[in-house]
Amino acid sequence: MATVSVSYHVPTSQRRLSRKDCSSSFPAYPRLNSICPSSAQQLVVSHNLLKWRQSLVLARAEEKAKSSASMQPISDGNDTDKFNEELLSRPGTCDPLCSVDEMCSQDFEASYQPKTDLLKALTILAAATVGAVAINHSWVAANQDIAMALVFILGYAGIIFEESLAFNKSGVGLLMAVSLWVIRSIGAPSTDIAVAELTHASAEVSEIVFFLLGAMTIVEIVDAHQGFKLVTDNIRTRNPRTLLWVVGFVTFFLSSILDNLTSTIVMVSLLRKLVPPSEYRKFLGAVVVIAANAGGAWTPIGDVTTTMLWIHGQISTLNTMKGLFIPSVLSLAVPLALMSLTSEANGKGQESDMLASEQMAPRGQLVFAVGIGALIFVPVFKAVTGLPPYMGILLGLGVLWILTDAIHYGESERQRLKVPQALSRIDTQGALFFLGILLSVSSLEAAGILRELSNYLDVHIPNPDLIASAIGVVSAIIDNVPLVAATMGMYDLTSFPQDSDFWQLVAYCAGTGGSMLIIGSAAGVAFMGMEKVDFFWYLRKVSGFAFAGYATGIVAYLATQNLHLLDSVPTLAKVPFLSGS
């Protein structure tokens, strides 16, 4: 009688699960992230062992059926039941087939925190109280500015402390936006005026949201095809100090085309293949954060804040690239030079061979070329046609969509490489967060609150360079998107014309200022999550270097502008179809 050997390999990604990975890596249990990681791991492995047991029994039954016509009955059901009983008899484990709404009592008691629930209840009560006050039309009509300021402060506090309150910042942002516009509709001279203001604000905000959605989808398609391997696989040096500079400037130029978050994820993933876990790898990751923020500041598509300023006409493509390139390079080069002098940059014992990585997907080089070309073509499209940038990004997405459908036609196993699957993986909640924040700020602008704030700053801080520099420092603590959005509402193009020193300095400071703290930018937050870096480690080891680069960049920008050092630099501004970009 032949014997059958059946093996079931549990992937490493399912053997070691974090709280964040549970629900995404095992979609059959959507609430798995509410269980502690150890229990979630037991549940996933138990489920896989059960599948292995059932497949083993089935394989034996099929083999016996082939080898003997008079086979003996096999109690596969009993074997399965016995295996389930063994699982249930283990302490601290749940039935892998039980309802996802039922949690082990031990896990529940261990994770239950009454103080946290009380804090959440008080927060919701405070929000409900503000909503009840907003219903009082007469009070809101007489105190519109106070009501909107209270709602904005409360909503922004919910965004800042989202981890403690367990509220997603996207939901808080949307709720805040709607509440502010309700108050504005009550306090406006008439509802028709408020509706007209909202319509105008929605048209401007939607341009940014459509642009971000299109850009994120293009980047996701390129990443699904492993296109970025063309960049990362060419890093061959193993000298620790040289690798520090190479990683920094590769990230710098990659971030000028992609957004800083994507660049950080790509480069930190590369570092995992180059360097084993160590203090030196954390140091390299910190370099990636500084480089990603610096690289996104000098191009209109490299950072969300520069994209906002570009779309609304505060900055143009060529003048911004010419004016901010040197400050951005210095904001990276100065930290690199200082970090190269430290003992961590020695990287003793860290030289290692490149680890195995995924193979590039079929036609990955073609998709990479078309995707990056689509991103670079957006400023040219805007200059040639005069249409908003989001039309250019949608054009690139449409071309890439048709291309991927054509090259993967009939390949059902490669559906993940097509646009519909890419749309399910993009950061939609991030786009909704931008929508909520920008609509909230636009309501403050419509009510005239931001104009009053700008008048106050003009009186007490008459130097616009100091205002722009302060924005960068504050962006290390508070998200730079609402800061820049508020600045755009406070100062219009009549106060500071396009490409004035103020707007370019705001673009630089808001982009690079977040490097001073690890929580100051999306790149820093991604690095902190991927490498489990402590806030105080970054503050102690990196923040000083990042501040030195930030300050050097400001000094360099002011020097080049005041001394007119760039006036003799040749530009393409005289080319007819690029002059208005």
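Don't overthink the numbers, they just go from 1 along the chain as shown.
Note: Cβ is positioned from N, Cα and C throughout, glycine not excepted.
Given the structure is predicted, the values throughout are model-derived calculations rather than measurements.
Among the features that TrEMBL reports, domain 'Citrate transporter-like' is placed at 157-488.
According to TrEMBL, the feature transmembrane segment maps to 121-140 (among others).
The transmembrane segment feature in TrEMBL is assigned to 146-167 (among others). Long-range contacts of the transmembrane segment (146-167) within its own chain (CB-CB distance under 8 A, at least 6 residues past either end) are made by residues 116, 119-120, 123, 126-127, 130, 133-134, 139-140, 173, 175-176, 179-180, 183-184, 187, 440, 443-444, 447, 449, 478-479, 482.
Feature annotation from TrEMBL assigns transmembrane segment to 243-271 (among others).
Residues 215, 243-244, 247-249, 251-257, 259-261, 263-264, 267-268, 271, 275, 307, 309-310, 315, 317, 320-321, 324-325, 327-329, 331-332, 335-336, 339, 344-345, 347, 375, 378-379, 389, 507-508, 510-512, 514-515, 518, 521, 523-524, 527, 530-531, 533, 538, 541-542, 545-546, 549, 553 of the same chain sit 6 or more residues outside the transmembrane segment (283-301) yet have a Cβ under 8 Å from a Cβ within it. The annotation transmembrane segment is assigned in TrEMBL to 283-301 (among others).
What TrEMBL lists as transmembrane segment is 324-345 (among others).
Taken from TrEMBL, the feature transmembrane segment applies to 366-384 (among others).
Below 8 angstroms of C-beta separation, residues 207-208, 210-211, 214-215, 217-218, 221, 311, 362-363, 366-367, 370-371, 373-375, 377-382, 417-419 of the same chain, each at least six residues beyond the ends of the transmembrane segment (390-410), sit close to that stretch. If you look up TrEMBL, you'll see 390-410 (among others) marked as transmembrane segment.
Residues or ranges marked as transmembrane segment in TrEMBL: 431-450 (among others). Listed by sequence, the residues of this chain that lie at least six past the ends of the transmembrane segment (431-450) yet keep a Cβ under 8 A from its Cβ atoms are 144-145, 148-149, 152, 155, 169-170, 172-177, 180-181, 183-184, 187-188, 194, 197-198, 201-202, 204-205, 208-209, 212-213, 216, 304, 479, 481-482, 485-486, 489-490.
Per TrEMBL, the feature transmembrane segment maps to 470-493 (among others). Same-chain residues lying 6+ beyond the ends of the transmembrane segment (470-493) with a Cβ under 8 Å from its Cβ atoms: 156, 159-160, 304-305, 308-309, 312-314, 434, 437-438, 440-442, 444-445, 450-451, 453-454, 457, 461, 502, 506, 508-517, 519-521, 550, 554.
Nonlocal intrachain contacts for the transmembrane segment (505-530), taken as residues 6+ away from its ends with a CB within less than 8 angstroms of a stretch CB, comprise 20, 259-261, 263-265, 268-269, 285-286, 288-290, 292-294, 296-298, 302-303, 305-306, 309, 314-315, 320, 324, 327-328, 331, 464-465, 468-469, 471-477, 480, 483-484, 487, 538-539, 542-543, 546-547, 549-550, 553-554, 557. Under the heading transmembrane segment, TrEMBL lists 505-530 (among others).
Taking Cβ pairs closer than 8 Å, the transmembrane segment (542-560) reaches residues 286, 289-290, 294, 323-324, 326-328, 330-335, 338-339, 465, 469, 472, 501, 504-505, 508-509, 512-513, 515-518, 566 in its own chain, all 6 or more past its ends. TrEMBL lists 542-560 (among others) with the feature transmembrane segment.
By the Cβ criterion (distance under 8 Å, sequence gap of 6 or more), the transmembrane segment (324-345) is not counted as touching the transmembrane segment (366-384), fewer than 3 such pairs being found.
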